[in-house]
Structures are given as structure tokens and as C-alpha cells.
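Residues annotated as compositional bias 'Polar residues' in TrEMBL: 109-120. Positions annotated as compositional bias 'Basic and acidic residues' by TrEMBL: 121-132. Under the heading domain 'Lipoyl-binding', TrEMBL lists 20-95. The annotation region 'Disordered' is assigned in TrEMBL to 109-166.
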Amino acid sequence: MWQAIFFRQWLNTNLYLWDLIDAVVPFMGESITDGTLAKFLKNPGDGVEVDEPIAQIETDKVTVDVASPEAGVIQKFVAKEGDTVEPGTKIAVISKPEGGVAHVAPSENISGKAASQPSHPTEKTEEDKQTPKVEITPMTDKPKEYSLSPPKRSAIEPQLPPKERERRVPMTRIRKRVATRLKDSQNTYAMLTTFNEVDMTNLMKLRSDYKDTFVDKHGVKLGLMSGFVKAAVSGLQNQPIINAVIDGDDIIYRDYIDISIAVGTPKGLVVPVVRNADKMNFAQIEKEINTLAKRANDGSLSIDEMAGGSFTISNGGVYGSLLSTPIINPPQSAILGMHSIVSRPMVVGGNVVPRPMMYIALTYDHRLIDGREAVFFLCRIKDVVEDPRRLLLDI
């Protein structure tokens with residue numbers, strides 16, 4: 001401990017031997033103007049290398065690292081956690097030796113007990129000695145008597161828990177952004193949800209029969225999401241109005257299909273985009289979804305990976321959701337909700353047999369999309385998932 005304290009004292013008294021370099025907030029994206037300084041990854045006195053992260057900035061969409069511009073020692077922080085910062089804002093000062101980079105041992109935390117000096121009892125000052133004593137005459141009035149019993153509560157007064165059992169924490173930037181966008185979606189769109197159910201027997205059998213061969217050839221597992229993405233592509237091609245969007249008094253028809261995949265992360269909901277999904281096969285879709293999901297959970301998604309998208313798929317079934325009404329992701333016009341697979345008795349060929357069934361939901365903007373197109377789209381999803389051979393024959 002004393003070595004670290006000695007080094008910091010030496011560093012402070014010999015600053016003229018060091019070059020001071022500012023660590024600033026980097027450019028965070030075209031649509032991002034500021035962020036919140038979430039936390040520092042280093043302490044004053046720590047040694048850092050070039051491009052080593054020293055802090056994290058939380059924005060509406062992603063978490064951005066602030067890297068050290070030079071190798072050296074963190075002299076001080078000029079911002080604190082929780083501050084709102086913009087690109088170019090200085091948050092720390094890095095000390096770099098003039099002749100090269102000094103090798104600095106990691107900083108040691110100095111406990112409050114070691115840093116604080118023992119307190120001595122204060123002696124009475126001369127003014128305290130000269131202050132005359134004031135005599136207080138006791139009151140002769142009889143004090144009022146107060147009842148020790150608690151006041152009676154009204155029959156309708158709610159029994160609220162004490163404040164000590166509540167915690168108030170600030171919302172993260174991502175959570176605030178998600179809340180704003182979802183509420184804007186409810187206020188803007190005339191949302192309506194239609195439902196259907198899908199027999200997952202054939203798609204699950206396809207995955208079971210070829211899962212080992214698929215992994216051996218493509219290096220990725222065959223999941224259900226690629227089947228639903230291919231089904232959504234087929235549905236969007238058959239009903240292009242689902243892929244369109246209202247812009248003022250115009251309708252914009254998109255001649256491309258970019259599928260957004262909703263991913264829940266510890267920091268909040270993010271929606272990375274699978275670009276040109278209509279030109280991808282099953283293996284390419286699975287690889288892209290796996291890559292985006294890993295980057296989402298690591299907090300390393302870029303702005304470009306979440307921008308755009310013409311249609312969204314949300315799979316609440318991974319959390320056990322049986323049925324839901326998903327909310328449209330602006331500026332899109334529809335979203336498909338997948339749910340959990342449950343074995344239910346179904347009538348097949350006049351016989352009651354157990355089948356793995358899934359409810360699917362399509363929430364759409366009724367200002368643009370009529371019920372007819374929405375139902376046709378959802379039926380196309382059902383047909384393709386129940387019989388994947390339709391994709392090969394284009395029927």
C-alpha cells in the first residue's frame with residue numbers, strides 16, 4: 001500500500017516530467033448526440049495501455065467504451081459517473097512520461113481507516129470559557145398530556161408499506177429509449193392483432209432429422225428461427241403491403257426485406273437487423289442470428305446493426321409466453337409474435353392426437369393494412385411452417 005501512496009505523491013510533485021493527454025468521449029453514431037457516463041473501469045493512478053477502455057458511456061441504443069489515447073497513468077477524472085456527456089467531452093487526464101511509458105503497478109485501494117487520521121478530542125476555546133451561562137427558568141404550566149395509543153385509521157385509508165422497503169434507481173438510457181419508442185408506437189399506430197396457431201410437427205421433424213448433418217456442414221445448429229424468418233420472407237413477398245410504411249400522405253413500398261430480431265438483454269430490449277433476409281439460406285440466417293445475439297448480450301452491437309429493418313419477429317416463447325400482443329417497432333408497420341410450443345390434442349384425419357402447437361400473433365398498423373392482408377400473411381406463415389416443402393416448390 002505504501003508503495004502506491006508514495007508513487008502517487010511522487011507523480012503529483014513531478015508533473016513537469018510528464019505530458020498530460022486528455023481522454024475524451026468518442027463519436028457514438030450519426031443519431032446519438034449524448035450519453036450517460038455509466039462507470040469508470042480504472043482508478044486514478046492506474047496504468048493503462050493504448051486503446052485500453054477506461055470508462056463506459058451508455059447511450060439510447062448501445063454502450064460505448066472510452067479508450068485511452070496513449071499509454072501512461074490516469075492522473076485524474078474530470079467527470080463523474082452519472083454525468084451526461086457529448087462526443088469530445090473530456091472525462092480524464094492521462095499522464096505520459098516524456099521519455100517513454102512508465103510501467104506502473106496496479107493501484108491499491110486505500111481504506112478509509114488507513115487514510116483517515118485519528119481524531120483528537122477538541123479542547124475548549126477561549127470564547128467557550130468566557131461565554132456566560134444562561135439560567136433557564138422551568139415552566140410552571142402543566143404540560144399537556146398526550147395519548148400513547150396510535151391514532152385510529154379510517155376504514156378506507158390504505159395500508160401502505162413503509163418507505164424503507166422501497167428503492168428508487170434511475171432508468172438506464174436504453175430503458176428510457178425503449179419506453180419512449182413503445183409509447184410513441186401506441187400513440188401513433190392504429191394497432192390491431194390477429195392470431196393463428198401452427199402445428200410444429202414437420203418443422204421440428206426436419207430439424208431433428210438433419211440437425212447433425214447441418215452442424216457438420218455449416219458449423220451452426222439448425223433452430224426454429226430460420227424457419228420462421230424464411231416463412232416471413234415468403235409472406236412479405238406475397239403481401240408487400242406488410243413490408244410498407246406510411247410517410248405523411250404517402251406509402252413507401254420497400255423492395256428489400258430486412259428482418260429485425262427482438263433480443264432481450266440484461267440492459268434492455270435491442271432489435272438487431274438481418275439484412276437482405278430474402279437472399280439468405282437457412283444456414284446464413286442461423287449464423288447471422290447467432291452472431292447478432294452474442295453481440296447483443298455482450299453489449300457490442302453497433303448503431304448500423306440496429307438501424308432500419310422493415311419487419312420484426314419477437315420470440316416470447318423462449319421465456320415461456322403462451323400468448324401475447326406484440327407492439328409494432330417504429331417505423332415498421334407490423335410485427336410477428338412467436339410463442340411457446342405446447343402439446344395439445346388436435347383432430348388429424350378424424351382422430352384426436354397430441355401435436356406440438358404454437359400460437360402466433362401479428363400486430364399491424366390498421367391505417368395501412370386491412371384485415372384481409374393481415375390474415376392472408378399469417379396464413380402464409382402457418383402454411384410454410386407446417387409444410388416447409390412449400391419453400392422448395394415456391395407454392
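From the backbone N, Cα and C atoms, a Cβ is placed for every residue, glycine too.
Just so you know, TrEMBL annotations are computer predictions that nobody has curated.
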Message: What does the DSSP secondary structure composition of the domain 'Lipoyl-binding' (20-95) look like, as residue counts for helix, strand and coil?
response: 0 helix, 38 strand, 38 coil
Field: Rounded mean pLDDT for the residues that make up the domain 'Lipoyl-binding' (20-95)
entry: 87
